[in-house]
Amino acid sequence: MSQNIGLVMRSTGSWYDVRSNEGTIMQCRLKGKFKIKGLKVTNPIAVGDRVVYEMEDEVRNAGIISDILPRENYIIRQSVHKTAHGHLLATNLDQAVLIATLDFPRTSLGFIDRFLVAAESFRIPTVLIFNKLDLLNDEQISYQHELTELYESLNYKCIFTSAIDGTGVQDFFNILKGKVSLLSGHSGVGKSTLVNAIAPDLDLRTSQVSTFANKGVHTTTFAEMFEIAHETFIIDSPGIKELGLADIEKEEIGHYFPEILELMNECRFHNCLHLDEPNCAVKEAVMEGKIAQSRYFSYLSMMDGGDNRK
Ligand SMILES: Nc1nc2c(ncn2[C@@H]2O[C@H](COP(=O)(O)OP(=O)(O)OP(=O)(O)O)[C@@H](O)[C@H]2O)c(=O)[nH]1
Ligand SMILES: [Zn+2]
């Protein structure tokens, strides 16, 4: 039997769609003796994994997965019961793309910051897309420029789009081109409309319904990967509206705010949490306007166990 390397595009928990280097989709199952290495997760393989497979049936395009290549990164959804195994959502992501809107519905800065912190903790770069530009009044547009300045100063690229009038849609595509991107955002921000604008043949909504195989087994939905252009993949899942913070310790949260990380060595106490400690370089920077208040509020809210989900 010949061995091949393929990319996992879809998982139902019992079988996997694996894309060969030539672009054919193979339906694969796991070799009986396949072992879960390292991570404490319920599912050994997820969308984005590069796997070694053997062809089992050339006619039916069926194969058997025998091994998995080392991962660049991964996203896990922790179980609410901390001791239980988590669920591996996706692996080998080049970037996370968070779609937000300043209105209809409004994405809160707390939600954006929480997402950025989670993505930093998984070492995944994030791009922010602000959609529905056509609906904003002048005041909102100038606010949007302020936000862009803030987030770009922290090295998060920002793009404005309107899926309705086409503004920024080409920029949105350019960001995705040649990469594997996780697409996230609250319901109603225009995720499907934006994707339809760049990949009209793909019907995200219909595809999402195809997670049927999972029904009644787990409550978790499996992510699915789509090739929207040559070597351009997006991962979309109704279950990935946000990234979980469950696994991050309080002392660690500041490490995932680039502007806090940069200053924390200047605090008087090496284990300063930037709350009420004296001579805290972070709080001083907030007072001097060098750290945005909104970011510090998000930090405080996360330290407080606040959940910023809205
Ligand atoms: N004015 C305006 N409306 C938009 C824009 N993008 C999307 N919409 C509208 O916003 C609504 C929600 O868009 P969807 O694409 O369904 O949003 P979604 O993020 O995919 O939402 P879910 O499918 O619930 O996850 C629809 O009525 C779209 O027509 C935009 O740029 N401007
Ligand atoms: Zn401090």
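Every residue gets a Cβ built from N, Cα and C, even glycine.
TrEMBL does not curate its annotations; it predicts them automatically.
Taken from TrEMBL as is:
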BINDING   Asn131, Lys132, Leu133, Asp134, Gly185, His186, Ser187, Gly188, Val189, Gly190, Lys191, Ser192, Thr193  GTP binding site
BINDING   Cys267, Cys272, His274, Cys280  Zn(2+) binding site
DOMAIN    81-243  domain 'CP-type G'
DOMAIN    91-241  domain 'EngC GTPase'
Ranked by how many other Cβ atoms lie within 10 Å of their Cβ, the binding-site residues Asn131, Ser187, Thr193 are led by Asn131
Cα of Val189 (GTP binding site) to Cα of His274 (Zn(2+) binding site), in Å and rounded, measures 34
Cβ proximity for His274 (Zn(2+) binding site), under 8 A, sequence spacing 6+, ordered by residue number, returns Gly254, Ile260, Met264, Cys267, Cys280, Val282, Lys283, Tyr299
For the domain 'EngC GTPase' (91-241), the averaged pLDDT of the predicted model is 87
Those binding-site residues among Asn131, Gly185, Val189, His274 lining ligand 2, judged by a Cβ under 6 Å from any of its atoms, are His274
Close to ligand 1, in the sense of Cβ under 6 Å, among Asn131, Ser187, Lys191, His274 as binding-site residues, are Asn131, Ser187, Lys191
Rounded Cα distance, in Å, between Cys272 (Zn(2+) binding site) and Thr193 (GTP binding site) is 45
Excluding its own, the Cβ atoms lying within 10 Å of the Cβ of Val189 (GTP binding site) add up to 24
Row Leu133 (GTP binding site), column other C-beta within 10 angstroms, all chains, value 20
Note on Zn(2+): the CB centroid of Cys267, Cys272, His274, Cys280 has further same-chain residues inside 8 Å, namely Met264, Arg268, Phe269, Leu273, Leu275, Glu277, Asn279, Ala281, Val282, Lys283
